[in-house]
Amino acid sequence: MSSGRIFNKFKNGISPPSFIRGFAWYSFVIVSWVPAAIFFKNNIGAVGEVGGESMYPYLNPTFNEGFSKDLCWISKRNPAKNLQRGMIVTFWSPSHPEVLSIKRVIALPGDKVITKAPYPYPTAVIPVNHVWVEGDNKDGRKTLDSNHYGPISMNLITGRVTHVLRPWRGPVRWWEFEDSRRVIKGRIQDAPHFD
Amino acid sequence: MAFLQRASRTFKWIHTRYAGHPFRLATATLQSLLALHVFWKFGYSVEPTWGASMLPTIQVMGDHVLISKQYRRGRGIEVGDVVAFNSVYEPGETVIKRVLGMPGDYVLRDTPGRSNVMLQVPEGHCWVIGDNIPYSRDSRHFGPLPMGLIRGKVLAVVFPWGERRSIGREDLKPVEN
């Protein structure tokens, strides 16, 4: 068999039974790995393309100059655990449930945030199990973030951006992010709860 | 007879392929488990429920509900549907409530009779309320629910089998005067 070299890995040296020889057998072998791929994508990590300019200048710095989009590695292992200010997370946008947003965590439960323009109140205190996310873009019209929809539930977070792959910039050094001056740090014990 | 021959041939094939091949067997087991997991995550799941908030639709204890994940993130959800969603405040907890308002709808903010304040459900959110209004913590307490948190739609109670019944928006009836 001419394609033997490619499929030897799956075949492990034994020939498949006569009634599902050939194409059907190899299709089955490939399809049998699809659940594993889905599991990996949802629970271990995935490559994601950054679509917009909300994280300018950190991600998509050349957004206005061409069609190139940044690629990043999104870790999906316990993304909402031990979140810190400065981390970049992906989450289902509260205002568009089928859109994955990518923003930076600005404030944690208990913190007080001095909000920006579209938010109806001058300050916001972050409740339990919520975070305040914002895009890096200084222009508030270029980023749809917590200033529009308020603090987001940590249960919406699906992943954490750990590496920028294209152009290669290596691991995301979130700890070098200077905390926003619009955040007054608080204690998690003081975070509001709806009870 | 042909069927028996076929079955015996399949069995023989399984035997030659997996007997004495621990690595092959382990791989096949792992693949089956992952396939089940994906079915559970994106197809259907049966989950136990607990709590008084959905009485009389779902009992306080012992009911197991069938959840269709086709409706995850609020796809195709309409007013009256019962949805299972990740709790807004508690990590890792699933909550079951009934959708009473979709984006753009005007809903009563508080328990009926307490105030007449109405609010409009924002884009991408829905308004969820338990059927047992006095014993439910729902959108009256935590506000509009982002539809991204919805895991699926509750189709039926399937266990205990003798009390099986379907759950749907038909249960929601207009108030009679």
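Glycine residues also receive a Cβ, built from the backbone N, Cα and C atoms like all the rest.
TrEMBL does not curate its annotations; it predicts them automatically.
Cβ neighbours within 10 Å of B:SER53 (active site), excluding its own Cβ and spanning all shown chains: 23. For B:SER53 (among others), the entry in TrEMBL reads active site.
The active site annotation in TrEMBL covers B:LYS97 (among others). In the three-state DSSP scheme, B:LYS97 (active site) falls into the strand class. Proximity of B:LYS97 (active site) to non-local residues of its own chain (separation of 6 or more, Cβ distance below 8 Å) is seen for B:SER53, B:MET54, B:VAL82, B:VAL83, B:PHE85, B:VAL128, B:ILE129, B:GLY130, B:SER136, B:ASP138, B:SER139, given in sequence order.
The domain 'Peptidase S26' annotation in TrEMBL covers B:26-107 (among others).
Under the heading domain 'Peptidase S26', TrEMBL lists B:120-158 (among others). Non-local neighbours of the domain 'Peptidase S26' (B:120-158) in the same chain are 45-46, 52-58, 63-74, 77, 81-89, 94, 96-107, 109-112, 164-168, 171; each lies 6+ residues outside the stretch with a CB under 8 Å from one of its CB atoms.
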Overall pLDDT for the domain 'Peptidase S26' (B:26-107), taken as the rounded mean: 94
Within the domain 'Peptidase S26' (B:120-158), count helix residues (DSSP H, G, I), strand residues (E, B) and coil residues, in that order. 10 helix, 17 strand, 12 coil
